[in-house]
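Structure record follows, encoded as structure tokens.
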């Protein structure tokens, strides 16, 4: 029976609402200003455009979720991808919805503030401490700057905090509540999201796993719980924190690969099979090629090593110089190289050593694993040859040359055995695009490979190809990319045939898993040239904020935006980090000697605070010390958020447990108020550099240069 | 504390009655006796135990005989003997050299050679050189003797940790019959010496841990001091010794933490414990380590191949170096030929050569670098701003604030700076060689500034710190310390830095100064303090170590290759006509270790979950605590290699392998003893004996099969049917 009156009781935390509102206000006002490309927007923007156009790309800086979130914002804002992202400061045309591009990161950044509030409550601290943490985050200039543009850090921080918060919610919930596993699931999902935005999220995920396994270990040790119940709980936790994140992570890639189905600028990095699965590009060429390589096939051979760059086996009508610069001699036969561009000289014809004809018989005789073949260069009719002559750049390996018998003193050694490397996965026969083939020189059992070195000018700076006996590296595989059955017996006709495009029809696909694994592997291994950037910095400079980043400068005035943190809260954060470590050391030593300064509940709370905040800071900071990539100040922001969480909690701890006299407590309150006021003041001071308006005069800018090492720009007029 | 001591006693009591294992867990809590009495009791029992002695003698005998057998074969230089033998000779000849490792190992090799009548005259030019009449057996024998101690130490360590003869014996057998350890012990190498100290340190540490019931007794002090001394030895041979220091250090921290929690001890006593360890494990090793270097510097007082790596002041110590009792014009003058050395430690000489910066790296002009070796390309001429030299009379002297041009003597290019990005340090500007025959432009002008000087001060050769300020851009000549890629011949980058802070990287001194028109004056360079030399040589060594980058054509070994025994090292011989020795572990032994590395975590997981759920298992203490120590030792000696950028070799795994073998001993022993969980007593004992026998015979048989790897192979290679090793090439990557 429905009971009347129908009553809805709602409790609203007004403080929480207030900070959320303030946070949205600080992050969202004038989001469209400046109406120009700001700093890394130039980098992420190109990927957003590619998403809009559904063009495949590969970005080694992180998994695709972050890019997809940015692209979603752009999509909702009606961005069509037609903008050239070429320089910082370029004005957006009116057709681009700037607010749309920046909205999602800004919202994520704003939500961090209420999240921090809730997280402090879950750490079992008071609402006042929670408010303190929220205010510190609210007034942190660097976080505001980072949130207001199309950048990924605020999204990452949001997911990191959400994961920690929901895990603690789970942990604090009543043991028999059903909903608690909902929180655990949310925690797992946000971990996956954090890792999906930036690889850096992995460290926080590991920390969370560590804490969770500690809790699970205690659960296992609880002998009042039955064996069965322990098993069930462990399995549930493992599913929520291990299986679900893994599946979600793969899911991001699934969406990524589903969205991007057209070929684009990064095709070359991927294997031929992958490229063929994309619309346009290679698939347009390879569509309709015969599948099985047969005697008489005309093929281009692509090196399956992508280092240093993908290229095709190539030869041209120039011989090796008789003597190299260093005085060593060569065979003076025709050069064989690897060439990174499509060219008619990349075509080779597969010939049966026992027969003379160069056409495919009918039915075609396919080449299989273990068969011995000759490779004839299509345009110059030289055989691929190798012999005991030192290669031009890598004297430890054998030279590879194009050979023709003009009564030279050297015998022909042009027989090659076909080793299909992936014959277990594919098949024994040599297939276009799918088979990875090793060519073994029959006379010397050396293997045809790319040495990775460029030839000097006489070799037109193409890549050197050698045959090596002791191959250990992986760069020995070759794939047939373009392929057709040769039909013309005469050289002239054949040349004409080589120039004509390929045709005939076959259909082939590779599975999502193969694509996922290849893409993931490429993203982790492709290393773009690392170089120093004008605003790059080393991790140790971040702690004391020795460095800043100029994000944007108005094209004519002094208005500018910088990534500079709030120096006061930054300092307070460092102090509290030190204070926590000191306190923890003292407590630990004294407990070891049998003095229990804190009641058990308070000690647990203190330890938990340390695990989350100091642990969070450590895992988000220390790995950078070991990294060799170009680093920027914004990499420190996640770690900083954890410190801002720590400060108010530590103050509350001091207030309740360390200060016993009322006067001391009052003094502490006064100090805290003073600090908050100065945090606010320094926030106000740096506002012009955070929001880019109002414009400051050179003198005022000079006054803001609190540290000598900061680069603040003045326009000379 | 009491409880621990009693556990100790129980375990040792258990050794004499190995069969009565079952009483061990129950009796643990019932015995309550004063600890001092017990430990004496224990020592007596231990030494009188007959099987210990017999087994120990057996291990000693086998170990020495396997390592000393065919010690003089082959009678030519093998592999790295060419380095370490040569360095041993340098000590005998007292010639200064540079090596990336600390000196103790090479000093001991030199000493061993000296004692056995080697005169230091063999040149050790390349592997394969015949020794002929030179006395090389002493040096090899010394290394082999130290290498023979490894199985013995391992036996003692495992015995001490597990109190089980079978575990100790398994370990000793694994190590004695491992072809890898035999090979690496038989030649003039640093590794046997290093591993000797590592194992001695671990043994002393374990013994010291056992003395915890009688603190501050004589034997307690003895083992403490021995631990410290061996740590110094290990670090003195190679920097890999740091890992064992870390192991001992963490063990000590753990020990102190335990003492701190013992509320029966007063704070004063704990402070005494703390101080004793500070003295024994920090101050003593530090003192010994410094002493080693002191001896090194005293012994090596003649100029040799390593001079250029060190600062001018350092070089002046060496007899025969041109800076020793140097005589040159005292003040820098126009028209002089000079070399300019960066003041950063191991900073190198300002250098240029005919090669250009490649395309895409700033302007395509001639490279200017910093180079560590002495070379004619380090010579520069000092010119006035306007090319007119006063041809006659005494040349003018360069003063603070003067504007000069530096011309590279070999290529006649001027030192030139301009507003292009430097190749590596993008915040700095590029420095190049520009112009021809000394004619250039205004970007070739540099202002000389003596640090701490005033306008008009003269520039003292060798003693003044000089900075070169670029006139046009205001930046300062700077050596960034970053190694250029291959196009720059892996020399060090030189830039022009717009940050004008005075750092050693931007300060230079004039080292050589040649001017025939000026009188040479004997200059006494400030002799450096010993601690400065020490610091400098360490920085040079560390630089050298990280500079050992893998070359493209060399096969380089990856850390994951090692535990699976993927690929060995050729010590001697390649072709089928030569006498071949191949460093490769006995695959049966290595794969057993690999298996135990997988088995151990599983066993620990099972045991710890069982304990957490309230079951009790015997052996769990040995398995978790002592096995954990060994696993930790293995990790410390293995995992860091994954982060190292330098070139790595197979033999780097051998210290970790020692820990792995000891872990195998304990793991397999406990696994075999756990048979009684599934079988009833008489059968379980039989199964256990059977397991031990199978283990023993498989190791012995595989040693019989693979012994030619260490003791030399001749004749055809393994893939041909007529070879002694036919059919034994179980992995394609093995090259014998």
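Note: Cβ is positioned from N, Cα and C throughout, glycine not excepted.
The feature domain 'MIR' is assigned by TrEMBL to B:329-385, B:395-451, B:456-513. For B:137-158, B:164-182, B:189-208, B:220-253, B:274-299, B:588-611, B:623-641, B:653-672, B:693-711, the entry in TrEMBL reads transmembrane segment.
The list of residues near the transmembrane segment (B:653-672) in space but at least 6 beyond its ends in sequence, with Cβ under 8 angstroms from a Cβ of it, reads 150, 154, 157-158, 161-162, 164, 166-172, 174-175, 178, 180-181, 184, 191, 194-195, 198-199, 240, 243-244, 559, 562-563, 585, 589-590, 592-593, 596-597, 599-600, 603, 619, 622-623, 626-627, 630-631, 633-634, 637-638, 641, 687-688, 691-692, 695.
At the 8 Å Cβ threshold, with sequence separation of at least 6, the transmembrane segment (B:588-611) lacks contact with the transmembrane segment (B:189-208), having fewer than 3 such pairs. Away from its own ends, the transmembrane segment (B:274-299) comes close to residues 91, 94, 102-104, 107, 216, 221, 224-225, 227-229, 231-233, 235-236, 245, 248-249, 252, 255-256, 317, 530, 533-534, 537 of its chain (Cβ-Cβ under 8 Å, at least six residues beyond either end). Sequence-remote contacts of a segment are chain residues at least 6 beyond its ends whose Cβ falls under 8 Å from one of its Cβ atoms, and for the transmembrane segment (B:137-158) they are 55-56, 59-60, 62-64, 66-68, 71-72, 85, 88, 108-109, 112-113, 115-118, 164, 167-169, 171-172, 175-176, 181-182, 184-189, 192-193, 195-196, 199-200, 202-203, 206, 658, 661-662, 665-666. Long-range contacts of the transmembrane segment (B:189-208) within the same chain: residues 79-81, 84, 101, 104-106, 108-109, 143-144, 146-147, 149-150, 153-154, 156-157, 160-161, 220, 223-224, 226-227, 230-231, 233-234, 236-238, 240-241, 244, 247-248, 251, 633, 651, 654-655, 658, each at least 6 residues beyond the stretch ends and with a Cβ under 8 Å from a Cβ of the stretch. If you look at the transmembrane segment (B:164-182), the same-chain residues 6 or more away from its ends with a CB under 8 A from one of its CBs are 15, 18, 51-52, 55, 59, 62-63, 66-67, 147, 150-152, 154-156, 158, 568, 583-586, 589-590, 592-593, 622, 654, 657-658, 661-662, 664-666, 668-670, 672, 692, 695-696, 699-700, 702-703, 706-707, 709-711. Computed over the domain 'MIR' (B:329-385), the whole-number mean pLDDT of the model equals 85. The domain 'MIR' (B:456-513): residue composition by secondary structure is 6 helix, 27 strand, 25 coil, according to DSSP. Taking DSSP states H, G and I as helix and E and B as strand, the domain 'MIR' (B:329-385) has 3 helix, 27 strand, 27 coil.
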